[in-house]
Amino acid sequence: LIICPAAAAIIAGGNSAVVIGLWPAHFFWTYYCVSKSKRLGWILKILVLLLLPVPLILWPVVAIVASILGGICYGFFSPLIATFEAVGESVKEKWKHCFLDGCWSTLEDSCTLVRDFMDFCFHSYFSYMDELREEVHEHEQPMEIQLSMIPGGFLVAILAVPVDVPLITAIALWKSPYMLFRGWKRLLEDLVGREGPFLESVCVPFAGLAIFLWPLAVIGAVLAAFFSSFFLGLYGGVVVIEEGSLQMGLAYIVAVISLFDEYCNDLLYLREGRPRYRKNKNNTNEIERGKSIEQDGSKSLKLVSEGSRTVKRAIQHYTPMQVWDWLFKSCEVNGKSLLHEGLINVEDVQDCILKGNCKKLSIKLPAWSILQCLLKSSKSNSSGLVLSEHMELTLTNFPRDRLFDWFLAPLLTMKEQVKGLNLEENEEVFLKKLVMVCKNDIPEQWDDTGFPSGDKVRVAQLQAVIRRLQGIVGSMSRLPTFRRRFKNLVKVLYIEAIQMGLSLPGDSGPSRSGFGGGFPLGRRKSEEGSLGSAHERVSDMV
């Protein structure tokens, strides 16, 4: 109750200021990029321009309301969870930690949330818009819709709403008692056996509260089904345009009701099959199939409940923060090494901070760090990715985050590709220069680099791996967490450059071979020797 108002004020006030301050730029820049985009056909572009005011006007309202609600929830539950964590067996001075834990850390994390949100709105948004304005390849066709299908799409959307909304809502209401009692049954079983949400001591109070608040969850599920039914119905218009057929759109109106019913049955482990309408003749196959599904559902619930404790103790999942820490620690080590080798110079750091030209540091440097990981993993016969001597990521211990799932499968595929190339030691050493300096678009760009292998197919495969890595890193660079950590990385590299004795513009001392240029700051060489002076120069630069 004490921390919640302050944390909510920080998150709601900071995010609202960011949204309102950048909204005019977002509004006009979105229209400009869409109008200049060559990835959209003329018909689709005109349609998007006509519909853009709706999301652009709703964006500030939704963002501000979500920030207020999110700030209240985070400010209340973060200190509350920290209080229950303080009563753990490994915590000393529990009385003190019950009051202090979660207070200052919640306020700091609230400021971090605002900073990440600002990075997303300022950096990630403009990055997406720049990608929208990029030139399309020769073999790539712009996205387009058939003008003749637009009236049919509107017709199906209009017909689908009055049909799908009441029927989907009726299904949700009909299934809600099953959800209520089956949920209570599962929670009470976990309470008695100390499994599931009752496994961890810190979760016991909240899991017990969930038993009493479960009816609210059921009501929320029904309301969610009601509101989502509008979007499910309107999607029928998209189906008409995608399939180019009015008949497919009309079929979707009926099919989506069946899909929603099947989804509810799978979620609640209900038996499928049509109702019995004869006394003596039964649809044996469907009834047996329904019984099998119901038995499998109850068995799986029981197996999950019984085995959750063993599995949790056997498998320790890495957290996303651990993966981010490894990536940027690796970038820091490799960045310092590349500074000494001359593959990164002080001008690259200067251009990144003063001009925003950060491709070499934000894309190529992390790509080389990940490629080193792939090379190490391919030699170790590991089923996953070897990050360090004591850290290995596999499909079983990878962070349980949907975002990381998007990156794991491509990296594992590229690891097998690198393993199949059987690179020699001199080729691996030479890859460092090729990743950091070359464009890697066509094999001919490596002709004058001195790469040991002259096989064009082998070179093309390596270039494809490098391009994919740079594409993955480019997607990761739009994440707010990446942006915040990357700024710290640039500061570390700048301090390292100063400590190496590089001369800056305005200094009379000689410059070190392999490095050129510097930062336009008016300090003397005598000040560059100390680490405190380096921090002052970074602050002045920022």
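Residue positions begin at 1 at the first shown residue.
Any Cβ shown, glycine's included, is placed from N, Cα and C.
Beyond the ends of the transmembrane segment (6-34), by six or more residues, the same chain brings 40, 45, 48-49, 52, 56, 59-60, 63-64, 67-68, 70-72, 74-75, 78, 106-107, 110-111, 113-114, 117-118, 121-122, 125-126, 129-130, 132-133 to within a C-beta distance below 8 angstroms of the stretch. Taken from TrEMBL, the feature transmembrane segment applies to 6-34 (among others).
Within the same chain, residues 1, 3-12, 15-16, 19-20, 23, 26-27, 30-31, 34-35, 40, 106, 109-110, 113, 145, 150 sit at least 6 positions outside the transmembrane segment (46-77) and bring their C-beta atoms closer than 8 Å to a C-beta of that stretch. Positions annotated as transmembrane segment by TrEMBL: 46-77 (among others).
Sequence annotations record features per position, and here TrEMBL assigns transmembrane segment to 152-174 (among others).
According to TrEMBL, the transmembrane segment annotation covers 211-238 (among others).
Look at TrEMBL and you will find 509-542 tagged as region 'Disordered'.
According to TrEMBL, the compositional bias 'Basic and acidic residues' annotation covers 524-542.
Residues 221-222, 225-226, 228-230, 232-234, 236-241, 246, 249-250, 252-253, 256-257, 260-261, 264 of the same chain sit 6 or more residues outside the transmembrane segment (152-174) yet have a Cβ under 8 Å from a Cβ within it.
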